[in-house]
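J.: This is the structure I want to talk about, given as structure tokens.
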């Protein structure tokens, strides 16, 4: 092996193919005036004699052609004491060589005559062995002799060479922190850079953060909000995701390829775990037994285990992708419609969960439907008059009727479990949360039913029919809307009205507390001087603030604004509520100050039905139209028509909403892609 091959291998890490001595003879006709063909054998030997001492001086541990050294090596600390963080001249360069570039360089070198190869190798050897100061001098001399085309070539080459893969060089937790600042478009582009970037950019740590930032809320940076994800999964995965951010192995496989992340989420349901990457969660003995049975049944076959977890769980990037499609469909009104027909009179109330839809009608029946097939599963008979309100969960359905009664049903079997009477007029509104049931009646009262201690109480104060109620068990308060054009906030502990909201000039039909995640910016508020609420005449009720803007109230002080009973750390009621009335308007209120922040205009007649979450408000009115609103800007984003009668009830979900009408039909609009 000659000196050319030795130099190329030691400098660039390549392995040049053997050179044929016969084919390597120089061809004077193929080279320009800058060729090394004029170098004689004597000159080559002289160059060797000049280069060898230089190499032996600066890299004695790699090059010692003059004989092995027996003495103490020279102290190189003085020559190489100043170095940048990316390169140390006294050590081997830590930057990895680019294989395609090195292959091309090798091929180009082999096209030259042997003497030219030897001369170039000498230059490379000198530069490789030189200390930092010498290298700068060599580079300055070379640059001074370069013409403009050569300088342009150097500039283009250096632009790529000085780039470093900082995400791979940094610890994973810092890389995740950086990626969490990117938007979705930038993340997708980052995933195309390399395999390691894809492993980082597609990891659950990054996309879980993206889901938290956008799902069920408006992102302050981009203004986008995505439909609500199942909160249980979001909550249960958060701690495990945070742990993954600190234990991520960059050399491991991409989470988009394997199901490791999904396995950890499933196995995290067990109270004990042998892996430090899996979170612990308290579960009941029965739940633990179920999990153990599942794990034991899957343990013998790892392939089945992977298939099971892949089937049950998806990476957070896939979740975001699905929610993004749904959000886009909401934005542009792309949806499918399904119509449910079966009632013989107007549909007055409805609710849907998963694939179950329950509807109540003036024909005194409740119907249970399968939303996937449109099939009527069963009809519940028992009320003697029209059904005005209903609500169901996994185990029961409670309905209220104009026959003055409340009934509790097993909606899966159609059996009526119990009947409650207590109102002197028809029941036209109800809402239950945990063990508290509130009912609204024609008799102008709100009745509270406590299933835990079997107690009841009446809340009096409205002067006309009470149309709707909402229970908030966190703050132990109840909202009520009435035909007396007011909305009241009641304290369940003191049984007193602590706030009355005035502003509507028509009968208030609906009141809905917005989720606590909802945020309203101060600059979005409208200054409406005539819409300041007042408080009731009950003693101890605090006076509301009448400032013409959204006050910046600290969370700790919000509770105290509702009276002395909230001073001891008791949670405050929901900060924002939405109401609708027969004055054809919808209003957004702040409960802490009692101010109307925004009024929504657009319906031609009274608004009977209302649905709301953190992203949108859906309303149905006497004008037979359904409108979707942005709660922050007040803009009507879309209007749906189709009903031939007034829209009387609305149910709102993450990717669909349902409307009921006096035309005896229920329409479900699905935005799921």
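In case you wondered, yes, glycine gets a Cβ from its N, Cα and C as well.
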J.: If you check Swiss-Prot, which stretch out of 1-37, 38-74 is marked region 'Disordered'?
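T.: From Swiss-Prot, the annotated region 'Disordered' range turns out to be 1-37.
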J.: Write down the single range among 87-140, 141-194, 195-248, 249-302 that appears in Swiss-Prot as region 'Disordered'.
T.: 249-302
J.: Hey, which bits of the same chain come close to the repeat 'WD 1' (342-379), Cβ under 8 Å, at least six residues off its ends?
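T.: For the repeat 'WD 1' (342-379), the sequence-distant neighbours (Cβ-Cβ under 8 Å, at least 6 residues beyond its ends) are 385-393, 397, 399, 401, 409, 411, 414, 645, 648-651, 653, 656, 658, 660-666, 668.
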J.: Considering only Cβ pairs within less than 8 angstroms, which of the stretches 382-421, 461-502, 642-673 has the most against the repeat 'WD 5' (556-599)?
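T.: Going through each listed stretch, the top one turns out to be 461-502.
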J.: Looking only at the repeat 'WD 6' (602-639), what are its DSSP counts of helix, strand and coil residues?
T.: 0 helix, 19 strand, 19 coil
J.: Within the repeat 'WD 5' (556-599), how many residues are helix, strand or coil going by DSSP?
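T.: Computed counts for the repeat 'WD 5' (556-599) are 10 helix, 16 strand, 18 coil.
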J.: Using a Cβ cut-off under 8 Å, which residues of the same chain at least 6 positions beyond either end of the repeat 'WD 6' (602-639) come close to it?
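T.: Residues packing against the repeat 'WD 6' (602-639) from afar: 216-218, 225-228, 330-331, 333, 506-507, 509-510, 512, 514-515, 517-518, 520-521, 524, 526, 578-586, 588, 645-652, 657, 659-661.
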J.: Going along the chain, which residues at least six beyond the ends of the repeat 'WD 2' (382-421) come within the CB cut-off of under 8 Å?
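T.: Distant Cβ neighbours of the repeat 'WD 2' (382-421) are 345, 348-351, 353, 356, 358, 360-366, 368, 427-432, 437, 439-442, 449.
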